[in-house]
Every structure is written in structure tokens, then in C-alpha cells.
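Enquirer: Quick one: structure below, then a few questions.
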Amino acid sequence: MVSCKLISLSSGSILGASLSLAVTTMGAGILTLPSAYADAGVIPATLILVSVGIITVFSIDYIILSVDKLGRNSYEELTRELLGKKVEEVVRWMLIIYNTGSAIGYLVVFEDLVAPMQPLITSYLPLLTTPKHSLLSFWAVAILPLSCVPTLGALHISSFLAISATSFICIIIIFRYFVPGPTKLSTMTASAMTIDTASANWCWGKDPLLALPIIMFSFDCQSLVFQIYAGLDDMRRSVMVKVAIISLIVSGVIHASVGLFGYLSNPVDVRDNIISNYDPNVDRLFKVGYILYATPMILAFALMMFPIRDSIFILWYGYSSASVATHVPRSKDFTRLVNQEEELKLMVSAGNEHQYKYCNGFAEKHNYGSAQKELQHVIEAKKHHNKIEQILLRDHIIISVTLSTLCVAVALLVPGIVSVVSLLGGLCSSTLCFIVPGLYRWQLHNKNIAPCQTFWEVVLMAFMIAFGVIAAIFGTAVWIKSVFM
């Protein structure tokens, strides 16, 4: 039964939720990872990547712990409860700007994918003469309708296809490292090979600080955590930790592979978007890869619409499609159910332990079977449908179309992806994904709502906040230096 749930892609399933969470990390950031490896060096970049992945899991756990203890399922509501109204406004607008910027980044990458294929597109569709024309047309036909999908669970199967397409890109990048293709070497690479300087930096790169915001942005998925959690059939903290771990393992393996082999294949000429190092007009593998990689770009954009919409709805209605998941019908009812759930889990665990040790019918005698049934009842009660707080379909469509139109309009004007990635990764990603969850945990501990049980919990909490602050400062400084100096 458990294994069937794990491999199911249905709405509310663990695997489906994990893949949807992973897709949000497969967009603009992943193609810039080889440049992060060039900036930091292979070993430092890998260490940073692993560290950010692990800290990301803990930050998600901090967010869900806050949701369970307060019955508030949004950045805005949690921030208001724990950090105050002024900080809530800062987080609100940072969240809207950051998620919108991320969505724009996905469209920019999509345009980069279209550019080398434009002659082929024009031969079939003569009216589409430039990549911008192709982006705008494809947006109107495919991306805009997906932007209006109302439920996250409806996209779980699409997430599997998107991860498969990304994995294919990863595989052919690795393959081209071992079996070079017909793509002509750039002048820079050819010159470096002539004087024997085309080697990778393993221990230290040319600008390690620039790698940090790029890698942080490539792992960003916290903004979708509330929607993912609300969509789970089993809304428990332990289940969400499983979702986070599966998601980060999938995305981490793909990120490390693309970053490492993309850099080793092009150690001298590492471009903003690694896929542009391969010419699809002469390399058939990458012709297929370019086409397939459009899938995760489109889906990642559609997924980013969920947190952006919810931020607008909270500003408009005072609640969102995700936040009402903990209003059953009040947030206090949700926290009461969570407390009951924790007590029942302890009872069931104690019953199983005694039964295992003594095998004398202890569990049956003390009715731990009933406790297990009661636990399941509490879990189901947490999914109570709130019939009062609902988002009108009309408003959903209006917001979705407006946001999607705004994003595609800006995407047509953005000059390069690394500038977007570096700024967002250095400032907003570090704040929303690490500093704010760390502060949530600090306030839960400080207010005695959920005290830290060990010294190492306090250390981890402090490290997450410090890591986010340092990354925000250095990431933003490096971005300013790279753009204006």
C-alpha cells in the first residue's frame, strides 16, 4: 500500500508532489550551473550545491512546522504572526517580484531555445520570422492556457514528463562529454586548445562568490511549498519532508550532472546558457533536446503562476487557494488537529514498540488499533473543505491572464539570463528561502510555541539565518559588480 502511494502520480500523491516541486528548480537556473562551476571550481561548486540542497530541506521543514503550529499556510500569514505586519509587507512584495522574475526567466530560456531553431520554424510558419515572434505565438497557444490551470494536482503527470525531458538533456550533455559531437568549436576554445590551456579549474575558480547566488536560485522551490502541502492527500509534516527529500535528490543529481559535465565539456567558453554551446542545426541529439526542453520551461512557468496568484489573492481577498487549506474552518481548528495527531502518533508508536518487545498482545489489549484508526480520522479531518472562503473562477482567470501577459511582455525585453538569475538568487532567494524560514524557527523557539529540543537544532537555525544573510550580501554585491563595473 505504501509503495503504491509512493509511485503514484495522482493528485495529492507524494511522488507527484515531489516531481512538481522539482520542476520549479529545472528552469532558468539549471542551464547556468556550468557557469557556476566555472566561477567556483568543480570541488567548491559541488560542495556548495550539496550544502544548499541539504539546507533547503531543513528550510522547508521549518516552514511546514510553522504552518502546523500556527495554522497559517502562506508566507504572508506566517510572517504577520511571527515577525509583524511591517515585515509582512516587505515579504509580500519581495515574493511577488521574485516569483514574477523567476517566471520571466523561464520565458527567457524558452526564447533562447527557440533562437537556434528559428530557421526551421520559419520554413514551416513563414509569419514567425524571429524568436520573439515564436515565443509570443507559442505563449498564446500553449503557455497562456496552462497558466490558468486552477489546481496543482492536475499538473503532476506533466511534471513527470518535464523531469523526463530534463533528464534527457542531462544525459546528452554527459554523452557529448565522452563522445564529442559535430558542433564546431568556438574560436576561444580552439585557441585555448592550441596553447594547451583548455583545462578545468578543480579546486578554485575565477570568481567563487558569483557561484553562490546562481546555485541558490537553481534550488529555489520554497515559494511553492504552501501550494504543494495544501494539495497533499496526507497533510503531515513527515510526509512533506519525504516530498522535499525526493524532490531535492532528483533535482540535485540532475543539477550536479549538468553543471559538472557542461563545464568539463566547455571549460574555456562557458556561456550564460550552457545549451547554447551546442548547435542543434548540426547535432541531431541536441535538436531533439532543444525541442524536449521546452516542456519543463512551459510547466515551470505554469507552476510559478500558483504562488504569484496566491500572493495577489491574499492581498485582494485576505486568503488564497493554499491558505484556506488550514482553515478547517478556522486556523485554530487545524492546529488542534495537528496536536491530536502528534499525541496519537506517540500512542501508536508506543503500542508498536511494546508489541515488538514483548509480543504479548499489548497493542490489542490497550486498543492501539483504535488509536491508529483515530489517527487516520484526524488526518482526513485536516482536509476539510472550506466552503466559505473560495476564489471565484472569474477572478482566477482575470489574475492568471493578466500575470501571464505581463511576464511575456517583460521576457521579450530581458537581455540575458545570468543577470536575472544573479540578482534574484543573491537577494530574494536568500531572504525568502533561508533567512525568513530561519527567523520563523527562531520565533517559534523564542515564543515557546515549538522550542528547539537540542543544542544542534539551535546551531542549525542560526547557521541558516547567517548563511542567508551572507549569501544575500555577497550575491547582490557580485551582481552589481558584474553589471555596472
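Even glycines carry a Cβ here, placed using N, Cα and C.
TrEMBL: automatically predicted annotations, no manual curation.
TrEMBL feature annotations, pasted as is:
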type	residues	note
DOMAIN	12-480	domain 'Amino acid transporter transmembrane'
TRANSMEM	46-65	transmembrane segment
TRANSMEM	90-110	transmembrane segment
TRANSMEM	136-155	transmembrane segment
TRANSMEM	160-179	transmembrane segment
TRANSMEM	210-232	transmembrane segment
TRANSMEM	244-265	transmembrane segment
TRANSMEM	285-306	transmembrane segment
TRANSMEM	392-414	transmembrane segment
TRANSMEM	420-442	transmembrane segment
TRANSMEM	454-480	transmembrane segment
Enquirer: Could you check whether the transmembrane segment (244-265) and the transmembrane segment (136-155) come into contact, where contact means at least 3 Cβ pairs under 8 Å with the two residues of each pair 6 or more apart in sequence?
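Expert: As far as Cβ distances go (cut-off 8 Å, pairs 6 or more apart), the transmembrane segment (244-265) and the transmembrane segment (136-155) do not touch.
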Enquirer: Residues of the same chain, at least six outside the transmembrane segment (160-179), with any C-beta under 8 angstroms of its C-beta?
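Expert: For the transmembrane segment (160-179), the far contacts come to 9, 16, 19, 22-23, 26, 30, 250, 254, 257-258, 261-262, 264-265, 274-275, 278, 283, 285-286, 288-289, 292-293, 295-296, 299-300.
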Enquirer: When each of 46-65, 90-110, 136-155, 285-306 is checked against the transmembrane segment (392-414) for Cβ pairs under 8 Å, which one has the most?
Expert: 136-155
Enquirer: Would you say the transmembrane segment (136-155) and the transmembrane segment (46-65) are in contact under the rule of three or more C-beta pairs closer than 8 Å, pairs 6 or more apart in sequence?
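Expert: Between the transmembrane segment (136-155) and the transmembrane segment (46-65), which are separate recorded stretches, there is no contact, as judged by 3 or more close Cβ pairs.
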Enquirer: Report, as numbers and ranges, which residues of the same chain sit near the transmembrane segment (136-155): CB under 8 Å and 6 or more residues beyond its ends.
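Expert: Contacts with the transmembrane segment (136-155): 10-12, 16, 20, 107, 110, 114, 125, 128, 227-228, 231, 298-299, 301-303, 305-306, 321, 393, 396-397, 400-401, 403-405, 408, 412.
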